[in-house]
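Report on one structure; see the data block that follows.
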Protein chains: 2
Amino acid sequence: MPTQKVAPDSSRRSETARRAILTAAFDLVGDVGYAKLSIEGIAAAAGVGKQTIYRWWPSKGALLFDAFLALTTDGGQDGQGGALPDTGDLAADLKLVLRAVVDELNDPRYDLPMRALHTEIVHDPALAADYAKRLDGPMRELKKERLRAARRAGQLAEDVDLDVAVDLIFGPILNRWLQRTGPLTHGYADQVVDTALRGLRPHEA
Amino acid sequence: MPTQKVAPDSSRRSETARRAILTAAFDLVGDVGYAKLSIEGIAAAAGVGKQTIYRWWPSKGALLFDAFLALTTDGGQDGQGGALPDTGDLAADLKLVLRAVVDELNDPRYDLPMRALHTEIVHDPALAADYAKRLDGPMRELKKERLRAARRAGQLAEDVDLDVAVDLIFGPILNRWLQRTGPLTHGYADQVVDTALRGLRPHEA
């Protein structure tokens, strides 16, 4: 992102260019895939010079991540995505959230860009660290906050590690999407929530 | 893989060449990464012509997958990897298996090739289908077989979906490795097993 001090007009032009670049990157990766995504192509689509992009982003992966972050935080309107629902019913709230994740992952508009971003994260430790700090970390904190509320309400075991709990609830959906090991449905989301809450061991009816 | 009928000598030479190519592919991807892995490089390292490789494999991803499959099934000696341990203690057996997975994922020799293969699977639906059929499917069946034995022994709830159970137990490790969201340790493996078996809800001591 631009950090240099500039006059107001310049600054407005910079912000307009920045948004055009982010939008172009997100749209293009959905059209051509990550392997064929080029800085040249993004520059042409955004109507800026290549040098403008190189000045602001160190890599294609970093640019894509910013594009993704801009889109997802815009979606939340408040710049952070906001807290998880809390109706007092942990299972119902988690199902609502997981079903929304399923819908997003099944949306063709998001599928390719998210696979591209995921690939970059898998291969680029620096980008993974940035992702953990700027996106996964804050979102994980919101999930843990919902689980803490459930614990206070007596709906979560005292000795459960909240990071492990988040991984059990949200991990299976991501894996099934990435590896296409089965259909990604609301029914699957519900099963994951119910099974994670209740556990695999025998239980009382 | 070669399917044409050939005389015994030819057939032996083909098998030698095939193994040399698979070994070269696996070693090279660990050295240079997937993006820089080329058919030319593999051919040179294996001492064969490029055409030999193109004749047997439709893509770099398909070749890498065969290399991976050859390595992992060789490791099992019996061509299939074999059943999960069954000492009668489900938690202990699953921890043993998950700790071995953690060790493998933390092994630098496997890390890059497995990330490369994972990336190909994420982006190539045909390869994902092949992977599901030839590697994930058979391994998943072994995991489910162990869970069925646990169910017969009264250690698993009757109404648990076995695919969901496998996802809850094995998914979190894979995600943590891919996204580097936390340290991948034996302690984490144990926590995942205990939490999945017991569930997140409050339980009796």
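Cβ coordinates are placed from backbone N, Cα and C, and glycine is handled just like the others.
Of the candidate ranges A:38-57, A:158-177, TrEMBL annotates residues A:38-57 with the feature DNA-binding region. Averaged across the domain 'HTH tetR-type' (A:15-75), pLDDT in this predicted model comes to 87. Within its own chain, the DNA-binding region (A:38-57) is flanked in space by residues 1-2, 17-18, 20-21, 23-25, 27-28, 32, 63, 66, which lie at least six positions past its ends and keep a Cβ under 8 Å from the stretch. The DSSP breakdown of the domain 'HTH tetR-type' (A:15-75), given as helix, strand and coil counts, is 49 helix, 0 strand, 12 coil.
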